[in-house]
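**Student:** Shown below is the structure under consideration.
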Amino acid sequence: MGKYRISVATGDSLLAGSSNPVQLWLVGEHGEKDLGKILRPIRIREVQLEVEVSLYLGRLLLVKLRKHKSLVGFDWFCKWIAVQGPGTQGEAFFPCYRWVQGNEIICLPEGTARTVRDDPQNQFKKHREKELEERRKVYRWGFWKEGLILPIAGNTQWDLPRNERFLEDKDLDFSLSLAKVLKDLALKGSLDLTNSVRRLEDFNKVFPQGKTPLAERVRNCWKDDALFGYQFLNGANPMLLRRSTSLPSRLLLPPEMEDLKTQLEKELQTGSLFEADFSLLDGVKPNVIIFKQQYVAAPLVMLKLQPDGRLLPMVIQLQPPRNGCPPPVLFLPSDPPMAWLLAKTWVRSSDFQLHQLQSHLLRGHLIAEVISVATMRSLPSLHPIYKLLIPHFRYTMEINVLARSNLVSKWGIFDLVVSTGSGGHVDILQRATAGLTYRSFCPPDDLADRGLLDVKSSLYGQDALRLWGVISRRYVEKMVSLFYKSDGAVKDDPELQAWCREITETGLQGAQDRGFPISLESRAQLCHFITMCIFTCTGQHASTHQGQLDWYSWIPNGPCTMQKPPPISKDVTEKDIVDSLPSLHQARTQKTFIKFLGRRQPVMVALGHHKENYFSDPGPQAVLKQFQEELAALDKEIEVRNAGLDLPYEYLRPSMVENSVTI
């Protein structure tokens, strides 16, 4: 019995409000009270209500709400509801952060995180079960291509749950920006069809006006061996390089290259020999674009790490050996300049393919989608791990549906201008999926496996380790310790175990044979797994997304396709290089979409700075605040380091890392 003060917060976006009446219920330990249709959340961001309740409800457990349709139904985005009154012990906070649609009844549990074990009286048991049952109907696994991990069901963004779609600020920016670049492409691209590239300088015609300082540096220095090697460490795709433990079997050295073999073995013995092997591309069927055959190579690059930290190429083999064929030509820095440049350009084009498909799309976008769908299907909103992870899934499902329907779809961008389009890209994704390992998603393990832990010039490696450490030690471990006091508490959490199995067995299609866990047996294992999830959705994606505008704006440094076969002799002219590179129309299309997708997003939430408050308990809020402080400190350290570098590495600065995969 008594008076309750109720605060109701509506979303900030223009269309978040609704003129439809909303009915509220307060549900307590001792009963519930229907407050009637007391709310019309039209445009006011926060509404205050006062109601008298004749019943003694006890401690409040839930707020229920239902939007009733008038003549026209308008969806309402509810951020949260807060209640003060008898039994609330100050203020009870009920997070929502979702759309209220139709006339369904939505139950909002009080925001204190609880595992099943934390609810000994089973006060929330039915709510948890019903919520997951309803979620599994909405968040269904789909199918894209055989041999790939599973996506969310749906072919267009309109097939997705409303809560996974862009809000209007993001949707407006995305749609208008895309319309603008497509208009520019149509106007200028039509002229490109009648023009041809005659000299390397002709690619200046499509070099973006809003270029970055690094993109300008790449245009001026792309022929330099030092910049070529640097990209394997800190470029758009830092995921391929590894320290050599032996000379690769595919590297056939003829007798006249005995000096090179001696030099390679010397570098091998001192631990300064590295390799970038593109064998994943071997045998991939190349595209045919406007009746013109395109070409794909599978290079091997051997590099040496200099004492000053520079990584310099020693030899390039563009194709693996074939039975019954002469040994492939080996290209050396001492070769005629145009022959050596063409070999490096082939490597850069091959790196473009693996970067966009394996490192960026698969390891960034698609894995994040698996984690998000599995979480929505397996963890109720009361669960502490749900509350911890949900901010890192914002917009991921929609951006991935858009990618599947526009970039890598039939007649998508890959089919139109990329050498691995028209099926080759799917082949690469299938091969890369078969090789996904759990360790490769955890920088401490991945860098150790690739022999890069002690390479000081691997700025990606340094920053990935530090960011992983802040996420793990300053955030995840402290959050987990609040809710799991022992290893037994982890093992005995059925929802947590179902979530882990849903990711590994279902979403990843049985990845336990590649190290992904199917059960979580300890707090340490749980922390490692959650850190992997958060890093994948944030730092992993950022490290492979943000460099596109820098490294691919100058087309010869990252050609989307090659129009001539790999050279089999060293008699190469500039015309041979120009004829191999993309046409002007292909180059403009590449530049257009790299600029569109690689630009800094105006609607951007930095890592750890989401505004949504899913926890009502003070403990998690304090942990998040400390996490933000640690991120700010790391950001400052990287800024100070970068000030002394010739080529600053920005991609893993926490202020530059987005909180989820949104583009």
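Cβ atoms are placed via backbone N, Cα and C, with glycine included.
Annotation source TrEMBL lists domain 'PLAT' at 2-114. Feature annotation from TrEMBL assigns Ca(2+) binding site to GLY17, ASP75. Per TrEMBL, site 'Essential for stabilizing binding to COTL1' is recorded for TRP99. Residues annotated as domain 'Lipoxygenase' in TrEMBL: 114-663. Annotation source TrEMBL lists Fe cation binding site at HIS360, HIS365, HIS541, ILE663.
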**Student:** How big is the gap, in Å, between the Cα of GLY17 (Ca(2+) binding site) and that of ILE663 (Fe cation binding site), rounded to a whole number?
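**Tutor:** Computed Cα spacing between GLY17 (Ca(2+) binding site) and ILE663 (Fe cation binding site) is 26 Å.
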**Student:** Please report the distance from the Cα of ASP75 (Ca(2+) binding site) to the Cα of ILE663 (Fe cation binding site), rounded to the nearest angstrom.
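**Tutor:** About 25 Å separates the two Cα atoms.
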**Student:** Starting from the Fe cation site formed by HIS360, HIS365, HIS541, ILE663, give every other residue of that chain whose CB sits within 8 Å of the mean position of their CB atoms, in sequence order.
**Tutor:** LEU361, GLY364, ALA368, ILE399, THR544, HIS545, VAL661
**Student:** Between HIS541 (Fe cation binding site) and TRP99 (site 'Essential for stabilizing binding to COTL1'), what is the CA-CA distance rounded to a whole number of Å?
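**Tutor:** About 27 Å separate the Cα atoms of these two residues.
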**Student:** Using a Cβ cut-off under 8 Å and a sequence separation of 6 or more, which residues in the same chain sit near ILE663 (Fe cation binding site)?
**Tutor:** ILE399, HIS545, LEU597, GLN601
**Student:** At the level of the C-alpha atoms, what whole-angstrom distance separates TRP99 (site 'Essential for stabilizing binding to COTL1') and HIS365 (Fe cation binding site)?
**Tutor:** 24
**Student:** How many other Cβ atoms are found within 10 Å of the Cβ atom of HIS541 (Fe cation binding site), counting all protein chains shown?
**Tutor:** 25
**Student:** Between GLY17, ASP75, TRP99, HIS360, HIS365, which of the recorded positions has its C-beta surrounded by the fewest other C-beta atoms within 10 Å?
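**Tutor:** Per-residue Cβ counts within 10 Å for the recorded positions GLY17, ASP75, TRP99, HIS360, HIS365 bottom out at ASP75.
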**Student:** Going by DSSP, how much of the domain 'PLAT' (2-114) is helix, how much is strand and how much is coil, in residues?
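**Tutor:** Its residues fall into 0 helix, 64 strand, 49 coil.
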